[in-house]
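> Here's a structure for you.
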Number of protein chains: 2
Amino acid sequence: MQCSQNTVRVRLQINGTFCLTEIGHGTNTKGMQTTAVYDIENEEFVINSSCFEAAKCWAAGLSQTASHAIVFAQLIVKGEMKGLHGFIVPLRDPTSLIPYPGLTIGDMGEKTGLNGIDNGFLVFHNYRIPRKNLLSKTGGVTLKGDYITSFKDSKKKHGVSLGHLSIGRTYIVCTAAAYGIKALTIAVRYAAIRKQFGPNESEEVSIIEYQTHQHRLLPHLACAYAIRIFGDFILPSCCQFIFDSLFDSSDEHISERGMEIHSICCGAKPLASWSIRDVIQECREACGGHGYLKAAGIGDLRDNNDANCTFEGDNTVIIQQTSNWLLKFWPLVLKQSRISSPMSSVDFLTSATEILEYKWEIIDVEQLCSPNNLIQIYQWLVCYLLRETYEKSQKAMQSGIDPFWVKNNHQVFLAKNLSIAYTQHLILKQMLDFIDKAGDENVKKVLLRLFSLYAISSLEKYHLTTLYRGGYARDYLASLLIQESMLKLCADLKDDAVALIDAVAAPDFAIHSILGASDGQVYKRLESAIMDSSYNMGKPSWWLDIVNKSYSPISKL
Amino acid sequence: MQCSQNTVRVRLQINGTFCLTEIGHGTNTKGMQTTAVYDIENEEFVINSSCFEAAKCWAAGLSQTASHAIVFAQLIVKGEMKGLHGFIVPLRDPTSLIPYPGLTIGDMGEKTGLNGIDNGFLVFHNYRIPRKNLLSKTGGVTLKGDYITSFKDSKKKHGVSLGHLSIGRTYIVCTAAAYGIKALTIAVRYAAIRKQFGPNESEEVSIIEYQTHQHRLLPHLACAYAIRIFGDFILPSCCQFIFDSLFDSSDEHISERGMEIHSICCGAKPLASWSIRDVIQECREACGGHGYLKAAGIGDLRDNNDANCTFEGDNTVIIQQTSNWLLKFWPLVLKQSRISSPMSSVDFLTSATEILEYKWEIIDVEQLCSPNNLIQIYQWLVCYLLRETYEKSQKAMQSGIDPFWVKNNHQVFLAKNLSIAYTQHLILKQMLDFIDKAGDENVKKVLLRLFSLYAISSLEKYHLTTLYRGGYARDYLASLLIQESMLKLCADLKDDAVALIDAVAAPDFAIHSILGASDGQVYKRLESAIMDSSYNMGKPSWWLDIVNKSYSPISKL
């Protein structure tokens, strides 16, 4: 907990933080318990945490540096609850950084990872702020304590707000990609250098030559590339959206665009963080014992990426936002309407009825690797899972089950897989766009192999059951070809693995791993790291406690 | 790196360690580069590490406490290589713990986990030990430098040796089970206490009520139970084998028993460590942000279990031992011989031909959950994968491919899955034996649900592609029933989850987690952990560096 870069501003006038999550409530924002009661007499809000569960927590920069916070609290005016509103709250004297009376502020304590960022908690003890500190764009309070809201179309506002919140999730997609590439940089380079066994006693081969090792690393390499390319698309898209929503009023569909970006990011953030979690873990194991050294750098990556699965919305919960949004389109499909969205991510649903007619007609590895066929499979998956989730939910609803439970009971295998398939389809389309722009035919060829490997290994990992359950695949051939294609693509990509890593790897000082430097001097660096540590070569302070007393002249006396 | 319990002996006369692995070679023991040259004149062995890659490493207790080591080195007598032999090597003066001249000893450095155990390295600089220090049961050297070996049946010796080496792997199975149960203790108890969302604004429900959360935790709970029960079987089996091999010469098949235990453990150690890796990760994520706190205790578990995937043989490599052993039985199937092994783990292969005729005939969830049907599916998987791996390997061999590459090119989807299915079949059989002995019918019922859930979720995770590829499953029904059964079993087990945890959980002081105590006082413990830390409530030493200078009277001067 050394510094909090994300709250440092250029002019250093305010170190801010953002307090929404409470000890007792995270994803369920409506359940927040912090209250802000308007005191007419003093024209102030009185902010209070009724109990420790109502304490704000996990806010980055809060525990050490923030002088101000945006705090979300339940607004109460004349005894009436008006829902969650944002307030600007001064936290500390900016000259001493001592918290103001009425606040208890501290750190959450040591975490599994990301300890370079502090995360704080905050308890309010009837803490007073001026009336004007309410962020009143959505709703304000008059001097006399009347609640006023100028927004008529709250739905429109909601879409824009959600779009703005997406920026954090797009950062996570990009960060996860960077983590994954770093882990692969270490594991792929090590796999090229490390030799073990061989066809005869005098010859050992690099472990990347083994089918098992190719299968361990190369589908993950394809995945990291896919997410990296997608990150390079979604981050500027999200920034552009925010810019347009603030400064360009010409887009009539700005709210729909916000909703779509929100839905994309609620799928992409979980998929990216989960995928990279698996990438990092496999890279750690693929580096064997030496990969378990802290100096290898993979353990820390895993610990840091771990947070990506949880913050900005727990993966399992926010991924439901994506399917919720998609489910709104099925009635349009039933009406045979033309479907189009600002980012075009669901336009193919216009052809859902035809897509659902498709069956597995692929007869060899080459056909399976073709981008058109793979895109078609993913489109079928989205349409099938959308229809199934919709129809099963409708049926349950008609049988009188509470909508709350209907939604929750159609997540596993249905809504969740729908969100995943939709996101993967979008990632794959984006990857194809990217490949199209590659000038060199040889580069294109290699990238297309990565594309196919990502698409096919994701089918194997996530969707095989659905392909059979939905009748798209009907016999042994789909399973056989999926397995054979993966092995062929791994073998074909093996010789390009190091070059693919070199093309995207960070410089050695940033990789900072004894196993993953670009010069391949694994054993030299390992030797230096081990030998140059004074701790490693010392004697423990407690050596006398475990020494063999029976050998000692003292004990013989 | 505080202490090294595993080298402490009751009489403390010798702190020993075991040096096999070298910097450059781990799993490939034949490639070890440490040499022991017999010097006839002085009747000594001269042990040398030719380079840093030949340094012994990762030996537990070596860096801080060991006074003696068993070191494996290439024996060279009269200029001839005689292969790897074990030597007793004095390392340190037992009264001062200072290493003897001719040795460089140190620590490997900080690791990702298990830093309570030290792991050392050792470089030999032409270090001399007496002739009698050679462990000569397998082969000795006479005074005059003649190499003698008394063992005629080296194959028999090999089986027993491998059986002895299995003890480390059985410990890992048991340790992994304990780690998994600890993680689940935290996550299941937290899931019962933590509430989020609900059907209406006034009512929130425990997160374990959600389908998604049940699906996250309960298959893992079933898995941890399965591995725990298996550990309770394999550890005493292995100890009994070692006892019998040392003290009871009546077992004619002791070598076959050693080979079988070796093959079982080479499957069980990877399966257990990988499964528990996934258990711990899911438990971490299922505890959300608070699960990311170090005080939750899950991050450390993950870091510690991580080593289980690598030590005592890298999972991906040692699991090949299991399939190698199984492949020897296929020619017996072809000859229609009766197949039986000392531990009976492959006896069902006698019926392989009939088993391979079976197809998926299951039509509902109840049938799929039946132990007989599930055992049959796993037996089919073993037979099918055994036949496929054998036939494809034979074909490749006949086409002239080097046997080394034939073996390596039939691992992914074939030999590896064979080892996994064989191990799971054994685990499931063991679980049924255990359930049979349960006195209470209600307990039996719950345990049978765990059995079915473990069996079915493992089918979904590992074997669905194979079931279709091999033509066992032919249409949508297998996929649909697998998914529906998992959801039904999760829902049925949900109310027993806490009791199932309480039945196997360690005491609170050992769980040592703010989220996982038996009294369910999550928020109270969280509050104490956060509030009672003086670090959490302090001001950072560097506060003056980030303070807002423009507010400060000093800067205004």
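Every residue gets a Cβ built from N, Cα and C, even glycine.
Just so you know, TrEMBL annotations are computer predictions that nobody has curated.
Okay, so TrEMBL annotates it like this:
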- A:E312: active site, proton acceptor (ACT_SITE)
- A:T21: FAD binding site (BINDING)
- A:18-126: domain 'Acyl-CoA oxidase/dehydrogenase middle' (DOMAIN)
- A:164-327: domain 'Acyl-CoA oxidase C-alpha1' (DOMAIN)
- A:371-547: domain 'Acyl-CoA oxidase C-terminal' (DOMAIN)
> List the helix, strand and coil residue totals of the domain 'Acyl-CoA oxidase/dehydrogenase middle' (A:18-126) as derived from DSSP.
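Helix (H, G, I), strand (E, B), coil: 6 helix, 53 strand, 50 coil.
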> How many other Cβ atoms are found within 10 Å of the Cβ atom of A:T21 (FAD binding site), counting all protein chains shown?
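Other Cβ atoms within 10 Å of A:T21 (FAD binding site): 22.
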> Within its own chain, what residues at least 6 apart in sequence put their Cβ under 8 Å from the Cβ of A:E312 (active site, proton acceptor), listed in sequence order?
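Within the chain, A:E312 (active site, proton acceptor) has Cβ neighbours under 8 Å at A:G168, A:R169, A:I172, A:K269, A:I318.
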> Specify the secondary structure state of A:E312 (active site, proton acceptor) as given by DSSP, simplified to three classes.
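A:E312 (active site, proton acceptor) sits in coil per DSSP, no helix or strand.
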> Tell me, roughly as an integer, the mean pLDDT over the domain 'Acyl-CoA oxidase/dehydrogenase middle' (A:18-126).
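On average, pLDDT over the domain 'Acyl-CoA oxidase/dehydrogenase middle' (A:18-126) sits at 95.
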